[in-house]
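Student: Here it is, the structure in full.
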There are 2 protein chains.
Amino acid sequence: MAAVRYELIKECSQTKARVGRLHTPHGTFETPIFMPVGTQGTVKTMTPEEVRDLGAGIILSNTYHLYLRPGSDLVREAGGLHRFMNWPHGILTDSGGYQVFSLGPLRKITEEGVEFKSHIDGSKHFFTPEKSIQIQMDLGADIIMAFDECPPHPSEYDYVKKSLEMTTRWAKRCQAAHTREDQALFGITQGGMYADLRRESAARLVELDFPGYAIGGLSVGEPKPLMYEMLEATVPELPKEKARYLMGVGSPDALLEGVARGVDMFDCVLPTRVARNGLAFTTHGKVVIRNARYARDFERLDPECGCYTCQNYSRAYLRHLYKAEEILVYRLLTIHNLHILLKMMKEARKAIEEDRFLQFKREFLDKYGQEMDHS
Amino acid sequence: MAAVRYELIKECSQTKARVGRLHTPHGTFETPIFMPVGTQGTVKTMTPEEVRDLGAGIILSNTYHLYLRPGSDLVREAGGLHRFMNWPHGILTDSGGYQVFSLGPLRKITEEGVEFKSHIDGSKHFFTPEKSIQIQMDLGADIIMAFDECPPHPSEYDYVKKSLEMTTRWAKRCQAAHTREDQALFGITQGGMYADLRRESAARLVELDFPGYAIGGLSVGEPKPLMYEMLEATVPELPKEKARYLMGVGSPDALLEGVARGVDMFDCVLPTRVARNGLAFTTHGKVVIRNARYARDFERLDPECGCYTCQNYSRAYLRHLYKAEEILVYRLLTIHNLHILLKMMKEARKAIEEDRFLQFKREFLDKYGQEMDHS
């Protein structure tokens, strides 16, 4: 039996949404699922127990960041990332591709791999598909990702076409380099904002028979409708019996639209990053907690929310902590934002199971669209 | 019955150490006790539940800081500080005196009170004893402090003498201004580093019959032996049946030396502040977690400690988080340092009850003195 296996449970009759189970060596997780991001081996501000209590079963961590600091050899010596960070549940590591490419002028791409400079100390490094896989085997996540090129948006058709061909060749090299049987290696489809290239990339990777497929190169600055169009081009090319993972998406609306288009897994720094900037997702839209209107607002952040933050603190107190730059507020808003997203995904799963997902999505987004705060 | 009452339980036969109970409207706390500091209405990085779970029964918060931000009127509107910050246990507020005086050249002292400039926006403010009490009544702590002048160290004899006389007059004005019956107003003895002035200050305040007495103006940069000498001059002047509170002391050795000299209550930012600078108190001395020697040290921070941090994380992981400036490490070291101090105080109480405090103190400090890290 494969280390990681996707099991399809139920399909929506009106959309491509589906409920499934992702079986991994560190637990079985219901999909569609949102994976909080723990870039440097910690979901920022949170203990692992808190992340788990919010309902997260699997988190994402970053190959690029952990390779540079503390070093993947050190994590291996520590017994792997699960043990190092005290998280006995699922972990997915990205390949470092996205971080390496988003460094821009600091990198140089060849067929062999990518030379880049560390954002920490400027030191030079060279990532190849083989090197990315070696690092990810050292880290020991349950799901690891192929090393891909993620073209910026916008990119010319010809560039994207050549890029996806190289990404396909790299995907094969990743497969050849991957030897750990307790991990699954997922492929990453690319294709920029060109539907035919999206289809082509998916078809080429499906030929390589990965146990799961990511949709990469989206949520890179394009308008959301264009992202949905690209999803619609990609997902139908992917096999039903494998998990589908949309990388870098975490706003409530994009999550539900992704689910509607057949995506099973998502990750994004958005809910945790905006929390540290004082922005809360609520059932009625966004709340910017620093705003003066909340100074004497002794109501809870989101009256319909049952999270720890909303059960115990007023907007006025949260605003006070934010203005005073108190660490507690970063925790409290992170708890809230993760709770909102993880609960939304749970409700989405239930709605799919009960074949009322389209109605659930419409109601959720209608409410969420009535934003309390547009700043 | 008074709102706050000290009950003497047991005296040490070899030192002035004693065990008692402090009864307040928000709980009864065994003394000697260490009070964690929540300067701006939050014990930095921690939830109230976490602070409570570590064994803290009463915390200190700051009149000066809360007056400036968010404003004591706002806290009153929120239902008082207990409710605002979600801490249903004991709270003590200082009078703002220490903060106002430590602003240095930004302030102007007269018999009426002190003019000072906000450290936040430079705005001018005027604190009088009456104003300090009004703010503290708005905040609603269980124990509030008289507004005093805290002379810097070193100060001339004549200056300190005049200052303590004014502090005594201010103490009377505080008593006259204080009308909330659910709070206790403690006096603050001063006297600089002059034993006769310490005795005089204590005697003058005892005449005013406060329900408890603080020893102020210590731990301001003087050598520890001098501080102990000043404690020895002050404490015997204070009535046995009232609580004694040494302000601003929080290192393990000074706490135990204070207990030995008859002090019941302590507060200090030290354990929480140094935690955020990567310094841990352990049973074998201080550990500076950023040091390279811990990079591949997969042992726990303090093998003899049972706190959450020591149960779950290695020094290598803590060092990684610290180097990566991850908020979680500030939490984990705060948890550890508070655990160490609160547990030490609990063990000190038990040792006094069993009349073996001197032995306990010697053993604890012998071990603590074998520092693992002297940097």
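Keep in mind that glycine also has a Cβ here, set from the backbone N, Cα and C atoms.
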Student: Labelled region 'RNA binding' by TrEMBL, one stretch among B:108-114, B:220-226, B:234-240, B:248-254. Can you tell me which?
Tutor: B:248-254
Student: TrEMBL has B:Asp94, B:Ser95, B:Gly96, B:Gly97, B:Tyr98, B:Gln190, B:Gly217 down as binding substrate; which of B:Asp142, B:Asp148, B:Asp264, B:Asp267 does it also list for that site?
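Tutor: The one candidate that TrEMBL places in that substrate site: B:Asp148.
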Student: Have a look through B:His284, B:His320, B:His336 and flag the one TrEMBL assigns to the Zn(2+) site that B:Cys305, B:Cys307, B:Cys310 belong to.
Tutor: B:His336
Student: Cβ under 8 Å, sequence separation of at least 6 from the ends of the region 'RNA binding' (B:272-276): give me the contacting residues as numbers and ranges.
Tutor: 36-37, 43-45, 330, 333-334, 336-338
Student: Should B:Cys305 (Zn(2+) binding site) be counted as helix, strand, or coil on the basis of DSSP?
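Tutor: DSSP assigns B:Cys305 (Zn(2+) binding site) to coil.
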Student: To the nearest whole angstrom, state the Cα distance for the pair B:Cys310 (Zn(2+) binding site) and B:Asp267 (active site, nucleophile).
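Tutor: Answer for this pair: 24 Å between alpha carbons.
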Student: Is B:Gly217 (substrate binding site) helix, strand or coil when read with DSSP?
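Tutor: For B:Gly217 (substrate binding site) - judged by DSSP and reduced to three states - the answer is coil.
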Student: Through the lens of DSSP with three states only, how would you label B:Gly96 (substrate binding site)?
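Tutor: Assignment for B:Gly96 (substrate binding site) reads coil.
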Student: Would you mind reading off the Cα separation of B:Cys305 (Zn(2+) binding site) from B:Gly97 (substrate binding site), to the nearest angstrom?
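Tutor: About 37 Å separate the Cα atoms of these two residues.
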Student: Starting from the Cβ centroid of B:Asp94, B:Ser95, B:Gly96, B:Gly97, B:Tyr98, B:Asp148, B:Gln190, B:Gly217, which together make up the recorded substrate site, report each further residue of the same chain whose Cβ lies within 8 Å of that point, ordered by sequence.
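Tutor: The surrounding set, listed in chain order, is B:Val100, B:Phe101, B:Met145, B:Ala146, B:Phe147, B:Glu149, B:Cys150, B:Ile188, B:Gly216, B:Met247.
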